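Trainee: What follows is a structure written as structure tokens; I'll ask about it next.
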């Protein structure tokens with residue numbers, strides 16, 4: 001009996017190792033292709049297949065306070081956006097022709113980015129994600145879509161990109177004051193334990209930074225399937241002097257609310273499980289004269 005159990009455990013371990021080896025080989029292949037795509041324009045005849053999510057396994061959440069050895073610019077002026085949006089880079093002036101205007105904080109597998117891209121063809125959208133494998137998946141997904149739609153004049157996904165970053169620590173390193181018009185916080189980590197609430201993506205301290213990078217009239221979009229987290233985010237945003245909640249009527253008419261309702265992987269899962277979703281949107285108010 002003992003030998004049978006030992007053999008079963010060894011077989012299970014062997015299968016797990018083989019599966020991990022296949023995932024690693026797949027990711028290495030995509031990484032090599034990703035590096036090649038960054039060096040060339042998308043004018044070849046090959047068809048890039050969309051990446052397979054099962055090869056990019058990752059924990060559901062990541063500790064934002066950990067040292068993730070992230071690369072980030074010293075200031076927005078030193079950030080090189082050309083490799084993220086090559087079609088928006090003017091090689092003669094060596095400057096970008098447009099700035100990032102819409103940010104998806106904790107973009108997950110990129111569903112919202114990809115659905116928003118055709119709605120804002122003249123604006124640059126950026127997804128920020130802290131998890132390594134998930135970021136690589138979104139990057140591979142965008143590269144594949146750019147290849148598939150390279151002959152389209154519009155809706156060719158050149159206006160979206162993703163970077164691995166920690167928005168809770170380094171957001172002002174990437175964006176100038178009043179640069180963004182929209183920020184999305186879709187199904188963030190709820191951090192249920194009270195001692196973990198400081199790690200939530202909406203806090204008084206972080207709202208000051210969001211107010212800094214948002215332009216006057218800019219919108220913060222939030223959606224979650226956790227009512228307690230929804231109440232937490234609403235409470236902190238309503239208490240902050242630089243934000244004002246938008247009405248339910250406004251939410252019903254806004255196309256971004258409709259898109260984010262069911263475009264993310266988490267949102268689709270909640271729908272499949274017939275769960276509830278809570279939405280709240282807030283407008284960035286003008287800065288008082290005595291604060292400028």
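Counting begins at 1 with the first residue displayed.
For all residues, glycine too, the Cβ spot is worked out from N, Cα and C.
Reproduced below are the annotations present in Swiss-Prot:
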type	residues	note
ACT_SITE	189	active site
BINDING	106, 129, 130, 166, 167, 186, 264, 265, 266	S-adenosyl-L-methionine binding site
REGION	1-52	region 'Disordered'
Trainee: For residue 106 (S-adenosyl-L-methionine binding site), which residues of its chain lie six or more apart in sequence with Cβ-Cβ distance below 8 Å?
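Mentor: Looking at Cβ-Cβ distances below 8 Å from residue 106 (S-adenosyl-L-methionine binding site), excluding near sequence neighbours, one finds 128, 129, 130, 167, 185, 186, 188, 189, 201.
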Trainee: Specify the secondary structure state of residue 264 (S-adenosyl-L-methionine binding site) as given by DSSP, simplified to three classes.
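Mentor: In the DSSP reduction, residue 264 (S-adenosyl-L-methionine binding site) maps to coil.
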Trainee: Check the DSSP secondary structure of residue 167 (S-adenosyl-L-methionine binding site), expressed as helix, strand or coil.
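Mentor: Looking at the DSSP assignment, residue 167 (S-adenosyl-L-methionine binding site) belongs to a helix.
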Trainee: Within 10 Å of the Cβ of residue 189 (active site), how many other Cβ atoms are there?
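Mentor: Excluding its own Cβ, residue 189 (active site) sees 18 Cβ atoms within 10 Å.
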Trainee: Which residues, sitting 6 or more apart from residue 266 (S-adenosyl-L-methionine binding site) on the same chain, put a CB under 8 Å from its CB?
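Mentor: Non-local contacts for residue 266 (S-adenosyl-L-methionine binding site): 108, 186, 187, 225.
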Trainee: 130, 167: which of these binding-site residues has the highest Cβ count within 10 Å of its own Cβ?
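Mentor: In terms of Cβ crowding, the pick is 167.
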